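Swiss-Prot annotations:
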BINDING   12-18, 40-42, ARG303, 329-331, 411-413  GTP binding site
BINDING   ASP13, GLU14, GLY15, LYS16, ASN38, ALA39, GLY40, HIS41, THR130, ARG144, GLN224, THR239, ARG301  IMP binding site
BINDING   ASP13, GLY40  Mg(2+) binding site
ACT_SITE  ASP13  active site, proton acceptor
ACT_SITE  HIS41  active site, proton donor
BINDING   THR297, VAL298, SER299, ASN300, ARG301, ARG302, ARG303  substrate binding site
Amino acid sequence: MNNIVIVGLQWGDEGKGKIVDYLSENADVVVRFQGGNNAGHTIVVDDEVYKLNLLPSAVLRPGKISIIGNGVALDSHALISEIESLKVKGVDVNYNNLMVSESCPLILSVHKDKEKLFEDLNGNHKIGTTNKGIGPCYEDKVGRRAIRLCDLENADELNKRLDTLLNYHNAIRKGLNYQVVKKEEILKEIQEISEKILSYKKPVWKILNDLMKEGKKIIFEGAQGAFLDIDHGTYPFVTSSNTVASQAITGSGLSSNAYIIGVVKAYTTRVGNGPFPTEQKNEVGDSLFTIGKELGTVSNRRRRCGWFDAVLVRQAVQLSGVSSIVLTKLDVLNSFDTIKICTGYKYSGKMYDYLPASHSIQGELEPIYEEFPGWKENTQGKRSIETLPINLIKYIEGLEKLIGVPIHLISTSPKREDVIKLKDF
């Protein structure tokens with residue numbers, strides 16, 4: 001099991017960062033393969049809280065290699081700022097333990113401008129983006145006009161590519177009576193950061209293939225969650241990249257078999273707009289929000305909260321070929337008398353055992369629940385299966401039966417050490 005892919009199976013915020021950090025103790029390399037600094041991974045080490053956006057979670061472990069793959073939309077200024085903030089805390093990030101793909105498309109100020117502009121134009125139909133410029137950056141990548149990290153080394157090439165990029169963006173800005181951008185402004189923006197960021201530039205695909213031949217253990221760290229996937233998520237309320245496990249190949253350049261682990265919360269949360277069948281707009285939702293401290297790591301927005309959706313997670317398991325589940329934030333459910341799990345949907349007299357693709361149907365689905373008795377016992381910080389209440393064990397067994405794959409690990413607090421291994425991988 002030299003290669004592991006770790007992905008979220010809900011709408012993100014499942015606790016992937018902690019799990020990657022935990023498993024990376026026995027790995028050599030951790031790779032980010034999609035998304036951008038719209039992702040937020042929170043890790044607690046010795047009571048110190050680290051909030052990572054672009055950097056792989058292994059950056060907190062000495063001796064590990066962290067890699068940002070070509071599938072990541074790269075905000076160079078944000079990355080350098082994140083590196084410098086970690087150095088202040090004593091974390092060593094250097095050109096030997098962090099490598100960035102030379103093919104990464106760069107997020108520029110024009111991308112952030114465009115995202116905000118179109119979100120404002122959408123009015124009441126906003127997607128609810130983080131306004132980090134990720135979507136417009138991916139649009140330019142697909143449109144073959146993106147500035148990539150490798151372009152910064154060649155002034156002539158950079159100038160040509162900037163002309164192409166700004167012809168497109170300024171045409172849109174003129175049409176919307178928005179001030180055009182001068183090339184000199186973008187050049188200055190790039191030149192401010194180019195020397196620092198180019199120091200990390202590497203042919204990541206080649207390095208990963210060489211590391212694999214050496215027998216190194218590699219973890220691929222997903223961002224967001226399965227139902228934010230541009231193809232398989234609750235479209236159009238999705239992110240702009242593929243978040244399922246298969247993207248690990250495309251977004252890194254390493255084609256190899258891997259063991260796939262899915263991370264889920266013991267309940268469900270979602271940031272921003274979009275369908276959410278098990279959302280609880282009541283005391284249950286308020287309790288989950290308060291106890292779970294459900295504020296977005298990046299956006300600081302309140303996360304919507306609801307019961308665990310086994311239909312959704314089972315579908316995500318199948319989309320990513322998941323072999324194993326890690327269950328997080330079980331301790332948030334400690335005080336509940338009764339806990340519900342969604343086992344199916346009802347819409348217009350028809351039963352569904354999957355999430356239909358139609359947005360109009362998704363928003364009208366009526367969840368069907370199975371109830372489980374709560375355990376009414378403090379489980380926060382538990383580290384052995386023998387200390388767990390019987391009703392919590394029954395809840396886990398119920399989830400396994402509904403999802404169709406085993407739960408191997410559970411997390412009982414944000415701290416690195418508070419993990420219980422239920423079964424061997």
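From the backbone N, Cα and C atoms, a Cβ is placed for every residue, glycine too.
Annotation for the binding-site residues ASN38, GLN224, ASN300, THR412: lowest Cβ count within 10 Å of the residue's own Cβ, ASN300. Within 10 Å of the Cβ of HIS41 (active site, proton donor) there are 25 other Cβ atoms, across all protein chains.
Closest by Cα distance to GLY40 (IMP binding site), from the binding-site residues GLY12, LYS18, ARG302, LEU330, THR412, is GLY12. Around the Cβ of GLY15 (GTP binding site), the same chain contributes VAL263, LYS265, VAL326, THR328, LYS329, SER411, each under 8 angstroms and 6 or more positions distant in sequence. GLN224 (IMP binding site) carries neither a helix nor a strand DSSP state and counts as coil. For the IMP site listed in the record, the two most distant Cα atoms among ASP13, GLU14, GLY15, LYS16, ASN38, ALA39, GLY40, HIS41, THR130, ARG144, GLN224, THR239, ARG301 lie 34 Å apart.
Counting in whole angstrom, THR130 (IMP binding site) lies 22 from LYS18 (GTP binding site) by their C-alpha atoms.
It is 15 Å from the Cα atom of ARG301 (IMP binding site) to that of HIS41 (active site, proton donor).
THR42 (GTP binding site) carries a strand DSSP state (E or B). Ranked by Cα separation from GLY12 (GTP binding site), the binding-site residues GLN224, ASN300, ARG302, ARG303 are led by GLN224.
Considering only the binding-site residues ASN38, GLN224, ASN300, ARG302, the residue whose Cα is spatially closest to the Cα of LYS18 (GTP binding site) is GLN224. Each of the binding-site residues GLY12, GLY40 was assessed for Cβ neighbours inside 10 Å, and the highest tally belongs to GLY12.
Comparing THR42 (GTP binding site) with ARG302 (substrate binding site), their Cα atoms are 16 Å apart once rounded. Here the binding-site residues are ARG302, ARG303, and the one ringed by the most other CB atoms within 10 angstroms is ARG303.
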